[in-house]
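**Student:** The annotation region 'Disordered' is assigned in Swiss-Prot to 1-22, 503-534, 550-570, 680-860, 884-907. Positions annotated as transmembrane segment by Swiss-Prot: 191-212, 233-254, 266-284, 297-317, 333-355, 396-424. Annotation source Swiss-Prot lists intramembrane segment at 369-380, 381-388, citing similarity to another entry. The motif 'Selectivity filter' feature in Swiss-Prot is assigned to 381-386. Residues or ranges marked as compositional bias 'Basic and acidic residues' in Swiss-Prot: 508-522, 813-823, 833-845. Among the features that Swiss-Prot reports, compositional bias 'Polar residues' is placed at 523-534, 690-723.
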Amino acid sequence: MAEKAPPGLNRKTSRSTLSLPPEPVDIIRSKTCSRRVKINVGGLNHEVLWRTLDRLPRTRLGKLRDCNTHESLLEVCDDYNLNENEYFFDRHPGAFTSILNFYRTGKLHMMEEMCALSFGQELDYWGIDEIYLESCCQARYHQKKEQMNEELRREAETMRDGEGEEFDNTCCPEKRKKLWDLLEKPNSSVAAKILAIVSILFIVLSTIALSLNTLPELQENDEFGQPSDNRKLAHVEAVCIAWFTMEYLLRFLSSPNKWKFFKGPLNVIDLLAILPYYVTIFLTESNKSVLQFQNVRRVVQIFRIMRILRILKLARHSTGLQSLGFTLRRSYNELGLLILFLAMGIMIFSSLVFFAEKDEDATKFTSIPASFWWATITMTTVGYGDIYPKTLLGKIVGGLCCIAGVLVIALPIPIIVNNFSEFYKEQKRQEKAIKRREALERAKRNGSIVSMNLKDAFARSMELIDVAVEKAGESANIKDSVDDNHLSPSRWKWARKALSETSSNKSYENKYQEVSQKDSHEQLNNTSSSSPQHLSAQKLEMLYNEITKTQTHSHPNPDCQEQPERPSAYEEEIEMEEVVCPQEQLAVAQTEVIVDMKSTSSIDSFTSCATDFTETERSPLPPPSASHLQMKFPTDLPGMDEHQRVRAPPFLTLSRDKGPAAREAALDYAPIDITVNLDAGASHGPLQPDSASDSPKSSLKGSNPLKSRSLKVNFQENRGSAPQTPPSTARPLPVTTADFPLTTPQHMSTILLEESPPPGTETLPGADVSAHCQGPSKGLSPRVPKQKLFPFSSRERRSFTEIDTGEDEDFLDLQRPRPDKQADPSPNCLADKPGEARDPLREEGCVGSSSPQNTDHNCRQDIYQAVGEVKKDSSQEGYKMENHLFAPEIHSNPGDTGYCPTRETSM
């Protein structure tokens, strides 16, 4: 069922970006609640009645009402919003206006400025046939469509001819391609242009030599007394023929398709230009006798005449001549019609003039075939005057023949001229189209233009949809896939990747822009399978012991050695942000700012998250002036046994400006007493000395650090009654133990708190954290080493800001005052024993962070929660836990009764 949009976000957003797929009953209810439906096409909203869409039930909009499941709806529309009863189609909004009017009026018209092909595609998408177009628009639509289809067909043929030049399947493809471009594409290079000019010069020279050979002054008589070619001109012709032969052979050898080369009209002309020369040489050299030569001479003359075809070789280098040839080939219908008209006129008028002039003396119209010449010359309006009619009837027939000739020739000639003009323009357009296509291909190869066809768009949309449904048999991985069952593409900006310990901090800004997820009861009720409350304490202890044992063995002195790189089979990187409170700023200790951020190991529990904090590059909120963060942890207490070593929490050093000078106080806390209660029997096993429990069911109680600190760990293992984790609303910082050489058990703090601890677990009044800045107790001061400081900005942190940098850039600030303990059901780890007075200062609850290893890639739920919403949750009133890291409060002034400023960073 669709979830409610969290506060601070746009509630009018579409369904698919914020919620799970709705149930069919919700879809049916949304359609039946209103007689109208909103259709959003390309951002333009339309409102129409359902019954209007029912007029064409077989169309896309007609099928919309019958789609009652999420999958069927997405097959019809691109997105939908049931709350607004709105369906979105990412199509052309202008064309949809005509289509929607067709539903309303039953008449389909095409807009004047609309492209015919584009409108046809829109009709196909909406499921409307083009035959419904009105007569006023149908002729224009089909004319434009046929014209565009013809142009596209010609362009496709040209591109197909270009793509057919494949040299991969032949030997020396690169060299052959260069040679082919050199001979066939004069514009490909300067050398190709020079070669084309040389070829043109040889054609002109051969034509001139052929013409000069016919001059009697330059001819020579052979041994038989017959005129023959001049020897010098014969040598010139031989050189030209040699050039033509070499050019033809090189074209043939470099051509990608030999059969296509032979069929080419230009190549046929080249062959006819050189073939007569070799045939003439063969015939003259093989027949030396006079009789044989006389018989062969006529054949040789025919081939000598064919030499004139060399002039047609210029068509290879002239676009105009090529256009003329293609025009004649494409205008064969008009040319045939012209010849038919002329033949009919010639036959009619030659017969008439013959019968009109046959009785005259010395007439030249002796027969009808003899009159064909006169009729042809007359109809073409040439009029040589060698033959003409003399009688009156003959002259009348001649006049009618002239008029008929003008009409017959004038009709088909303009069609041929138009074809030539159109073909010439098309040639220019195709040249530009080829250049544009080549530029687009280069841009696609370079990655500057992405193909946006339907298949690519569908593939990208399918990549975004990743619904993980775990089977019953895959119980081992069910904890990692519970929160994957959603279709929100905006949630998949967070990808799980394993990075080295030396990875750059800048990668966080691009790789992990996690979008905040919504608050839903389903997510809160999934704690039985995905919540870290069901982690076994024994497993966490064993895991942490392995980590700490590896670190202590490899680094006896962690302060002096670097932690070696150890491969992590499973790492997660989580971006954490500092929560900046818009309240008063306090002076801070002058400490060094840590600017290095590392990755977070998923196998580390929150107890081993020793971290540097820096938000100067990552947080969208400007940090307060001179606000620095530094973490330092207490070292081992000398003289303590293994069971007395625990991880003390990092403490705050505050400096608050009360007057002219800032006052700073640093406290050293030394835990000296530990009481461990195991309520779960022997199932958890004994608590290891140097292990920290990651179980959210444990609770460590802090006492007054100035006197003694009593810590209690309670393990209550009950899977059926696991407490649900209320939403925490601060973004975690990227931390990992793999990146810090100081992540030993002495440098880590785990405090797991319960709101209502079991009876008997309350601490003494002295166990509360003191607000007075005193030195350590006298009994402990000689044995407690100097603690490392963890100074924060000294300001009150009674509010937190949830930052969502992934999608909405909305900032939600929740101010929550902390009421008295008796009325506050919020988690608190410090409790007084029954009947004893409480410390007048407020205690700051600290809670455990869920272990990253138990969560999947989108497990971090940034849940928006209004003020007091936790109190209203009846299912969690009795037993609530909150997972976050915190720094306990330390009041710098004994007289201050205000709340201790804390800095919370929740995971």
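Note that Cβ sites are derived from N, Cα and C of the backbone, with glycine treated the same way.
In terms of burial and nearby residues, how do these features look in this structure?
**Tutor:** Remote same-chain residues near the transmembrane segment (233-254) are listed as 176-177, 179-180, 183-184, 199, 202-203, 205-206, 209-210, 212-213, 218, 261, 267, 270-271, 273-274, 277-278, 310, 313 (criterion: CB distance under 8 Å, separation of at least six residues from the stretch ends).
Counting same-chain residues at least six beyond the ends of the transmembrane segment (333-355), those with a Cβ under 8 angstroms from any Cβ of the stretch are 365, 367-372, 374-376, 378-380, 389, 394, 397-398, 400-401, 404-405, 408-409, 411-413, 415-416, 419.
Sequence-distant contacts of the motif 'Selectivity filter' (381-386), counting only residues of its own chain at least 6 positions beyond either end whose CB sits under 8 Å from a CB of the stretch, comprise 402, 405-406, 409.
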**Student:** Sort out the residues at least 6 away from either end of the transmembrane segment (266-284), same chain, that have Cβ-Cβ distances under 8 Å to it, and list them.
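**Tutor:** Contacts with the transmembrane segment (266-284): 237, 241, 244-245, 247-248, 251, 293, 296, 299-300, 303-304, 306-307, 309-310, 312-313, 315-316.
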**Student:** Run through the motif 'Selectivity filter' (381-386) and tell me, per DSSP, how many residues are helix, strand and coil.
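**Tutor:** Once the DSSP states are binned, the motif 'Selectivity filter' (381-386) shows 0 helix, 0 strand, 6 coil.
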